[in-house]
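K.L.:
The active site annotation in Swiss-Prot covers His50. For His96, the entry in Swiss-Prot reads active site, proton acceptor, with the evidence type sequence analysis. According to Swiss-Prot, the feature ATP binding site maps to Tyr53, Lys92, Asp495, Gly532. As annotated by Swiss-Prot, Mg(2+) 1 binding site applies to Glu94, Asn533. Look at Swiss-Prot and you will find Ser95, His96, Asn97, His98, Arg117, Gln241, Glu313, Ser314, Gln315, Ser535 tagged as substrate binding site, backed by sequence analysis. Per Swiss-Prot, Mg(2+) 2 binding site is recorded for Asp118, Asp269, and the stated evidence type is sequence analysis.
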Amino acid sequence: MTIPNTIPITPELIAGHGLKPDEYQRILDLIGREPTFTELGIFSAMWNEHCSYKSSKKWLRTLPTKGPRVIQGPGENAGVVDIDDGDCVVFKMESHNHPSYIEPYQGAATGVGGILRDVFTMGARPIAAMNALRFGEPDHPKTRHLVSGVVSGVGGYGNSFGVPTVGGEVEFDARYNGNILVNAFAAGIAKSNAIFLSEAKGVGLPVVYLGAKTGRDGVGGATMASAEFDESIEEKRPTVQVGDPFTEKCLLEACLELMQTGAVIAIQDMGAAGLTCSAVEMGAKGDLGILLELDKVPVREERMTAYEMMLSESQERMLMVLQPEKEQEAKAIFVKWGLDFAIVGKTTDDLRFRVMHQGEEVANLPIKDLGDQAPEYDRPWRESGKQAPLPANLVAAPKDYGQALLQLVGSANQSSRRWVYEQYDTLIQGNSLQLPGGDAGVVRVDGHPSKALAFSSDVTPRYVEADPFEGGKQAVAECWRNITATGAEPLAATDNLNFGNPEKPEIMGQFVQAVKGIGEACRALDFPIVSGNVSLYNETNGVAILPTPTIAGVGLLPDWRKMARIGSANDGDKVIMIGVDGSHLGQSVYLRDVLDSREGPAPEVDLFAERRNGDFVRSVIRNGQATACHDISSGGLAVALAEMVMASDKGLAIDLGEGKGAPHALLFGEDQARYVLTVPADVADFLCANAEGAGVPFRRLGTVGGTALTVGDLISLPIQQLRDAHESWFPDFMEGRGELAAE
């Protein structure tokens, strides 16, 4: 009994596949006939935003992607950066936004699984994960359910697979009510001379399917990820993939073992658009055709059509081009790990993508036009309007500074994330040196006495909305600053660019300006972008998310014994601020959460100052002079000091002294390129003299000691009172306790 592959191609079917009339006409011109149903599915998957980057490619090319340590930049499964001693770090961040809104547990879990596969496909063993999460406003009826499901999914997969979650972000805003963001990051370590790529080489070589069996889960997932949501969202539940972290753990071990044998010519994980995308990418990159025999694909459901097999996004699967003489050795490894191993095709020299099913050719398409020569758009865009200046004297000061600070540290967006990260295994593998809650996660490099890597993920969407160019710069600068605050040298970054509908010129303008800002900051800070992901159409019923270009970065610590933490100050240490006095209250959390206003421009990022101040701070830490360090970001100096007090369990006596400007601007201003350092009292004068000599602005703030944070006569808060406010919001919210949760 044959399975039908013939379905009439109607305008409704074409539109349902996300193809515009002009794109369908391009298909007709390209192949000179009507496509089969399977071919329509293949074009739909390969020409959508998720796989082709057709709206963003033009602008992504402007980003700096090279540097002395960059081994592999964008275009592969993940970026690769040299960390000395013949080792490299392999990392990437990507989104699983649309599936996680529809089915939060599986959407988030398979997001983690997908990014881990991207890393070990390259030959690297994963050593760290992070996730940047954005949810709707806390009192939206779906938010608590989504937070619970996503956090369980991230933890369930990462913990079972065995990778520590070392950092991330969780934020709430009404603009994410209809589209949450789940951006997952993973990093692994490999030998620099043993990196595996996806470019197929050689004609007539076997194309091998590895891993789990193919089912109907995730069919059309990539197409869904390239569309806006509307009222029919619940119908999309079947397009969410289902993950199994134990199978993935076996796949990791089998792949790394196979890579030792010299059998692998090219390897690609099956992610978006499954078998279609992995086969096309391998062939197109190597200027080769691919012939697939679907009757040989391992399936776990009956009567699957060619269309379903080609577009299934079942998890834990790989595609590989193999040295033919190593076939039996390779197969034995996968059988040992309980995984499928099937030769499902071969490479050809005709640049065609041909798919056979039940003896019939169901697809015969030009492979380059599906892959690296897919359509590309130069969409119309316009710049965002500038926000009017907002001098500090036009912003009301709080009646009670202590109360304002308690309100900030206990707010939805500034409170402790302990409830979240305690559900993640942060210590597995035994190399974690800094856990979530500080500036960056730090993980020791196995087999090396002193080397470690620092990881951070950052973006301030309210800044990007107010000024996409400065907001793009700030996301890069804050990531660079967080890594620097541990004493690490920032090496390279990965971007995850989440925006609304690019067909709207104002949204496309946000994207273009943010990418320009990211590029400028990366060039100024020698912080190249080596991998990334773009997620567009994050809109529901015409309401777009806040523009959210997440930047995740990696830094190198040659000696982790000289690393700085935010909570390691000693009694009697002196507190010194590096950078200018706070003055900028536009778009600050003080303005938003205390005064309920969202006005003013985003803070400007002076990249020269960012570099100068950061390099100075790093040298202080590496010279062993700093006992603690924390960067100043959302909430300004006051929140940074409060976080240090809570982390160290030691009070601070602060005197703003000669600070120029209004106290609320000094305390809550969100000016950039700033850090708080604590140093032994006998080092303070020396450090200040060095800062002066290097042209680095600084201010002596006070002394470590006592059991309270005091700032002149403005603030006097016992550590426990700060901690109670900081730690209570999240558990209260998740347990639905009273008014607190609805604030």
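Residue numbers in this text run from 1 along the chain shown.
Just so it is clear, glycine is given a Cβ too, placed from its N, Cα and C backbone atoms.
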K.L.:
Please report the three-state DSSP label of Gly532 (ATP binding site).
P.N.:
strand
K.L.:
Looking at the binding-site residues Tyr53, Ser95, Asn533, which one has the fewest other Cβ atoms within 10 Å of its own Cβ?
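P.N.:
Among the binding-site residues Tyr53, Ser95, Asn533, the sparsest Cβ neighbourhood within 10 Å belongs to Tyr53.
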K.L.:
So of Asn97, Gln315, which of the binding-site residues has the fewest other Cβ atoms within 10 Å around its own Cβ?
P.N.:
Asn97
K.L.:
By a simple count, how many Cβ atoms lie within 10 Å of the Cβ of Asp269 (Mg(2+) 2 binding site), its own Cβ left out?
P.N.:
28
K.L.:
For the recorded ATP site, enumerate neighbouring residues of the same chain (Cβ within 8 Å of the Cβ centroid of Tyr53, Lys92, Asp495, Gly532, site residues themselves excluded), in sequence order.
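P.N.:
Leaving out the recorded residues gives Leu60, Pro74, Met93, Glu94, Thr494, Asn496, Leu497, Ile529, Ser531, Asn533, Val534.
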K.L.:
Say you check the Cα of His96 (active site, proton acceptor) against those of the recorded positions His50, Arg117, Asp269, Asp495, Gly532; which is nearest?
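P.N.:
Spatially nearest to His96 (active site, proton acceptor) by Cα position is His50.
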K.L.:
Express in Å, rounded to the nearest integer, the largest CA to CA distance found among the substrate-binding residues Ser95, His96, Asn97, His98, Arg117, Gln241, Glu313, Ser314, Gln315, Ser535 named in the record.
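P.N.:
With Ser95, His96, Asn97, His98, Arg117, Gln241, Glu313, Ser314, Gln315, Ser535 as the binding residues for substrate, the largest Cα distance is 20 Å.
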K.L.:
Could you check the recorded positions His50, His96, Arg117 and say which one's CB has the most other CB atoms within 10 Å?
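P.N.:
Answer returned by the neighbour count: His96.
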K.L.:
Taking the Cβ of Asp495 (ATP binding site) as centre, how many other Cβ atoms lie within 10 Å?
P.N.:
30
K.L.:
Of all the recorded positions given, namely His50, Asp269, Gln315, Asn533, which is spatially nearest to Lys92 (ATP binding site) at the Cα level?
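P.N.:
Spatially nearest to Lys92 (ATP binding site) by Cα position is Asn533.
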K.L.:
What's the longest C-alpha separation between any two of Tyr53, Lys92, Asp495, Gly532, the listed ATP-binding residues, in angstrom?
P.N.:
16
K.L.:
Which of these binding-site residues has the least crowded Cβ, counting other Cβ atoms within 10 Å: Glu94, Glu313?
P.N.:
Glu94
